[in-house]
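Structure first, commentary second.
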């Protein structure tokens, strides 16, 4: 009875919570009765603590509404309910003896004649240097890291497939490798394959050329976990999409983990079949956004520490405030500073950094101005540039104006009064309100979150 009530509660939560929150925190929970107590199993401590803090009152309220004083007690535990199916390595397949007349090697990942596919090394290409421990977490990537951690602990479970999307250089590939390392640590025999989508296409083409398509299928469908980076490169490659469609289905039916990354939201990927885009969203879709200031500073400090360099706090903030687009750009700039310091023997100060990065900083200041932000936002929302400066308060105009103010605060070094002046002489408190409002809406509204991320990418590219 109580387990059935939990299913009703799930239905209520699904209606009330944003889809991403529901998928992230509620869907992984498993329920089982223990006497008069309903035990909710969370996959790890992170989820358990989050649900206790954020959702326990909603759950208890629902139970009380439905059963009054007969409502079951609640207890939380970590793990799976005893009846839950656990992750197992993929079964070893058998294949025919190789055709000795076939001489060509197909791709990098399997050979048409060297050895039976089942016994071949599934070359994972998992980079051991990419771990969760050295992934700098911030608000922009917190959900992505949490989801990746859960997949590493319970591959083939609730988040399957896991789809990570965001601009270049934001850490999506790092998370893929971290998951792979986590799975292999827990199960050294697991067959984990990481690749760029173009490698999948190249392997399939070579398999077709060498009449080895069956070996290709057996190889990819016998892995325990398949991670494909930059899935958007499947666009307009119909045969590759067809083969991946069947590979995807086979792996999912066997409860084997799939993680995909892209530079855009699944439904926005042009040239990919709708049936594939639909499947990309079956599990959990998480945005990886450009890092906020505090995370950018932490990334610089971590990188400097790894390089054995003492980076002053004020220098880290100086760089982080001016380079905002992605982690790769930050690390490249720091490497340049370190190289210059080693070459000249000069201490790393703000003046030294300003000189070492003068061309890069000049380019950034030229590209990101309040005027440029206003024009970009106006074009994005299809409003007139004059509306940015007007007193109109209709939502169709006011919301884009607030977005532009928030972007100006984040992407330029202008003060709140200066931003207000640029928006028709508004008071600095109006700008502050706009920034807070957009920050709130990015948490609550998927559309605003997407719009903001798209504009950041456009302005930072």
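Cβ from N, Cα, C; glycine included.
Quick look at what Swiss-Prot annotates:
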type	residues	note
BINDING	169, 171, 172, 173	ATP binding site
REGION	1-84	region 'Domain I, interacts with DnaA modulators'
REGION	84-124	region 'Domain II'
REGION	342-461	region 'Domain IV, binds dsDNA'
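Taking the binding-site residues 171, 172, 173 in turn, the residue surrounded by the fewest other Cβ atoms inside 10 Å of its Cβ turns out to be 173.
A 10 Å cutoff on Cβ-Cβ distances gives residue 169 (ATP binding site) a total of 16 other Cβ atoms nearby, all chains included. For the region 'Domain IV, binds dsDNA' (342-461), the number of residues in each DSSP class (helix H, G, I; strand E, B; coil) is 92 helix, 0 strand, 28 coil.
Across the residues of the region 'Domain I, interacts with DnaA modulators' (1-84), the predicted structure has a mean pLDDT of 80.
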